[in-house]
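Enquirer: The transmembrane segment feature in TrEMBL is assigned to 7-28, 414-433, 453-469, 481-502, 522-541, 632-650, 657-675, 690-710, 730-746, 820-842, 870-892, 907-927. What TrEMBL records for 497-926 is domain 'GPI ethanolamine phosphate transferase 2 C-terminal'.
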Amino acid sequence: MIVRLEHIAVFNFSVFLFAFSLFCYGFFPLSFSPPTKSSLDELPQFVANSSFDTTSYKPRISRAVFMLIDALRMDFINQEANFKFLNELVNDGRACLYRLQVHPPTVTMPRIKAMTSGAIPSFLDVILNLGSPEMKLDTFLYQMKQRQQKIVFYGDNTWTNMFPDMFHRQGENVDSLYVNDFYEGDQNITRFLKLELQMYDWKLMVLHYLGLDHIGHVEGPFSEKVPGKLQEMDRVVETIYETMHKWEKKYYTKPLLIITGDHGMRDSGGHGGSTHPETIVPLVIVSDQCGRSNETFLQIDLAPTMSILTGVAIPHASIGSVIEPALKGLEGEDKLYALYYNARRLISKAQAIIPDGLHTTDMYRNYEEAKRFHGLFMNDTTDAASYKRALLLYTSASKKLTQMLITSYIRYDLVFIVIGCTMGVLCAAMAVLQILQKATTETIALRPRPSQVACFLIIISIVLKILSFEKQQPSVSTYMFDAGLVILALIFLTICSCISLLFEGIELKRLNLRKMPTPASLLVWFGIIFHCVSLASSSFVEEEHQTWYYFTSSMLLLLTLKQLQIMNHTIGLIKHPKTEAALIGVCQDERNMFCISSAAFICIHILIRRFNQTGDKWQHIPDVGDWLAKDGHKVWLSLSMFVGLCYLVYQICSLGGLLTNVLSLTAALLIYYYRSVTGSVSFFGRTPPNSSVCLTIFWINLLEIFFIGFLPKMYRMVMGRRNAKRSSELFDNCLIVVALLCALLHKPHNVLLVGVLMASSRFLTRRIDRVAEDAGSNLVLKVITHYWLGKTFYFYQGNSNSLATIDLNAGYVGLNHFDILRVGVFLTLHTFSGPILSFLMLMHHLFKANQSETQIPRTETYNSTCKRRILSLINTITMLPVSFFIIVATVLRDHIFVWTVFSPKLIYEYFSVWLVLVQIILVMCLLRKTYASESGR
């Protein structure tokens with residue numbers, strides 16, 4: 001079978017995507033805990049030689065209000081000016097303030113799961129956060145419902161999605177993910193709260209306020225709207241407390257108010273990462289029956305603590321410890337019983353993990369010692385020493401058991417990880433081999449011998465069967481299971497056959513190291529290798545932007561110096577007595593202007609690098625964007641956005657015709673008008689009418705720009721006419737649409753980045769066309785430098801390898817409700833605008849080169865296709881770092897930063913690989929076979 005190399009490249013990338021998916025399936029298991037439910041029948045009956053009266057295990061409170069304030073940071077609670085009433089309660093001893101540590105990912109759905117079940121959620125729950133599927137784990141909510149204790153809820157509809165039949169009454173925010181709702185949703189919750197406080201049929205009321213989180217996403221934690229929102233929450237606390245105080249006086253009940261946050265908020269406003277402001281949240285228990293503590297507890301400790309206070313069974317999946325100071329109101333016997341109950345559960349879970357070595361550990365010895373002192377206290381309840389000793393030992397053993405179980409519950413599926421890594425490395429090797437193919441090689445013949453195929457399939461199938469013999473489930477058909485193994489074996493066979501054939505066609509000089517400019521060639525290949533190796537360090541992953549800043553800036557400087565060298569050489573050649581002085585003067589003036597413009601261009605890059613601090617180490621340092629976002633600097637922000645839009649229109653003018661340029665200018669003005677309507681920028685000192693008409697006109701403009709290129713293209717196709725000069729018109733118009741849409745989605749101070757990226761692409765292309773010695777080196781430099789450029793601008797706009805830097809506000813531009821499709825497209829386009837625009841600009845230059853009649857002189861025959869070379873380069877620069885990184889993540893899967901650094905990076909890379917698949921499809925569909933490069937020589 002004869003197969004073209006570009007088709008092999010597409011197959012190779014598809015297999016790599018499949019391999020990466022297998023790896024992620026094994027690295028991110030969907031659940032760590034079984035859905036088994038607990039029962040009060042599991043309550044311990046005796047300790048040592050003393051028996052218990054299990055009927056004494058009963059609710060310790062009459063009713064409770066669980067108030068969850070989304071994105072409540074620890075430092076927000078300490079702001080006495082904003083939480084005046086709540087701080088009075090804490091200072092007077094009527095409430096207790098504790099610190100809770102939150103495990104990543106710090107997004108809402110996993111945090112609700114942790115608080116209610118006491119289990120550690122899967123990291124993959126960060127993706128499921130958008131859908132919030134029904135929760136199958138045991139929770140204290142389920143246990144309360146089993147005991148006929150009614151629960152009411154008002155707030156984030158994530159709860160109603162996770163617990164569809166749990167609440168006696170409920171009122172959810174339909175558009176909880178609509179981040180521009182700062183007040184209306186919270187006001188609705190408070191209105192229902194006041195009605196529920198007059199009801200007496202519920203035992204637990206859950207409130208989830210979202211306004212603070214939405215303000216953080218849009219304007220950050222230091223927004224002027226934050227104090228007002230905190231004061232609003234303080235008034236809600238005062239309302240609940242006053243009503244509870246009346247209940248306590250009138251009915252002699254013991255109501256309880258619990259206030260906490262599901263996660264915190266980083267200084268830039270997002271969340272999802274592992275910084276201190278995101279992972280430390282307050283827990284306030286409003287009651288005079290709690291004790292003070294400076295200790296930091298875990299968020300999963302809420303589940304067993306709430307279960308004990310409400311008198312229900314602790315959820316089966318819970319691995320948290322009890323927050324002992326919160327049980328101050330319990331009698332000594334009851335408190336020890338509660339601690340013993342939870343500790344015994346944790347011991348049974350630990351025995352299932354390490355059945356042989358548990359008895360030799362300190363935590364088990366502490367547990368047994370605690371039981372002994374507990375028995376002594378049961379025999380003599382006046383023995384204060386035994387009580388204190390048992391209390392300390394139970395607490396110490398439980399915390400150690402919790403930490404051990406947290407580590408042990410992180411389970412990987414090594415079979416899928418090994419298969420994914422192996423297949424990914426083979427695909428990366430195949431991509432490298434394709435780059436090294438001979439110039440005359442366009443196809444390969446896949447004709448493996450039947451005997452070799454049979455032997456190879458048998459060997460691979462046996463290996464896969466041995467690896468996965470534990471994976472086969474009784475419910476899965478043996479034939480289906482074996483069919484999956486055979487498919488994997490066929491994939492491995494095809495990959496190995498292709499590698500073998502490609503290895504025979506290697507030509508080392510395809511690297512063109514001697515033909516490209518030596519500094520640039522060394523920088524290109526050294527940059528690729530260094531980036532791969534740097535991914536083995538967690539610090540380099542956190543500060544990956546520094547890698548791209550260095551290599552992109554170095555490439556800009558090297559290409560500039562190389563062209564300057566060429567210009568000096570040209571001036572030296574024409575310096576001849578017979579040459580007119582005017583010609584020399586013109587060349588020198590051109591060189592001087594080139595130096596000035598290049599220096600200015602590099603300075604612009606240095607400036608926009610300061611627009612947004614990113615990474616981890618310097619992320620907290622104020623940047624230009626923070627300065628412009630201040631109210632006192634609104635004029636400068638407006639000027640920055642206006643300059644950015646003007647520069648974008650200037651860059652667009654070289655892509656389209658007159659009508660397209662007029663529509664682009666109109667669209668840019670509409671973008672500025674929209675931002676002035678939202679209050680981000682000023683509009684001649686006036687407030688424009690709040691109308692959605694401007695965005696409607698904007699969308700119409702984009703459609704018109706698209707159809708200006710689409711209709712003539714369709715007409716020429718129908719009429720059978722060809723026009724080489726207008727062949728890229730539709731693509732260029734689509735590029736204009738994407739650039740304008742990116743400008744709309746960006747924050748006002750980041751609009752300048754869109755125009756600078758397009759200008760940087762032109763700058764690189766012109767320099768490469770002047771210094772490259774042949775079409776092959778020209779193409780390699782263009783593809784790799786545009787890949788670097790996309791990565792650089794990805795970080796310029798403030799992105800990082802932390803999930804907290806995703807700007808959710810960009811997904812809701814022009815929307816007044818949550819639409820998963822439109823929000824998903826907007827978020828993707830905004831987050832990855834750098835790589836997307838950089839690739840589209842690369843395609844634009846390739847189209848332009850194919851239309852040019854002038855070609856760079858070639859020193860060798862180039863019969864290989866443009867598609868094949870571009871595809872092989874894209875595959876290589878994508879697969880090499882990803883395949884290396886998944887190996888690193890596998891080796892370092894027990895590293896302390898595996899969930900805070902490596903896992904978010906894996907999610908970003910997986911999404912990026914899907915975007916690269918779209919790029920490969922565009923290359924296959926749009927590019928012609930031949931490649932001719934513009935010449936500036």
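Glycine residues also receive a Cβ, built from the backbone N, Cα and C atoms like all the rest.
Whatever TrEMBL says is automated annotation, not expert-curated.
Help me see these features in their spatial surroundings.
Expert: Long-range contacts of the transmembrane segment (414-433) within the same chain, counting only residues at least 6 positions beyond its ends with a Cβ under 8 Å from a Cβ of the stretch, are 8-9, 12-13, 15-16, 18-27, 464, 467-468, 470-471, 488, 491-492, 495-496, 498-499, 502-503, 506, 872, 875-876, 879-880, 882-884, 886-887, 890.
Non-local neighbours of the transmembrane segment (632-650) in the same chain are 661, 664-665, 668-669, 671-672, 675-676, 680-682, 739-740, 743, 748-756, 758-759; each lies 6+ residues outside the stretch with a CB under 8 Å from one of its CB atoms.
Counting only same-chain residues 6+ beyond the ends of the transmembrane segment (820-842), those with a CB under 8 A from a CB of the stretch are 130, 177, 734-735, 738-739, 741-742, 745-746, 753-754, 757-758, 761-762, 782-783, 786-787, 789-797, 799, 806-808, 810-813, 911-912, 915, 919, 922.
Same-chain neighbours of the transmembrane segment (907-927): 6, 9-10, 13-14, 16-17, 20-21, 24, 126-127, 731, 801, 803, 828, 832, 835-836, 839, 843, 846-847, 866-867, 870-871, 874, 878, 882, 885, counting only residues six or more beyond its ends whose CB sits under 8 Å from a CB of the stretch.
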Enquirer: When each of 481-502, 522-541, 657-675, 690-710, 730-746 is checked against the transmembrane segment (870-892) for Cβ pairs under 8 Å, which one has the most?
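Expert: Result: 522-541.
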Enquirer: Under 8 Å between C-beta atoms and at least six residues away from its ends: which parts of the chain pack against the transmembrane segment (522-541)?
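Expert: Non-local partners: 511, 513, 516, 547, 551, 554-555, 558, 780-781, 784-785, 788, 801, 876-877, 880-881, 884-885, 888, 895, 897, 901-902, 905.
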Enquirer: Average the per-residue pLDDT over the domain 'GPI ethanolamine phosphate transferase 2 C-terminal' (497-926) and send me the rounded value.
Expert: 85
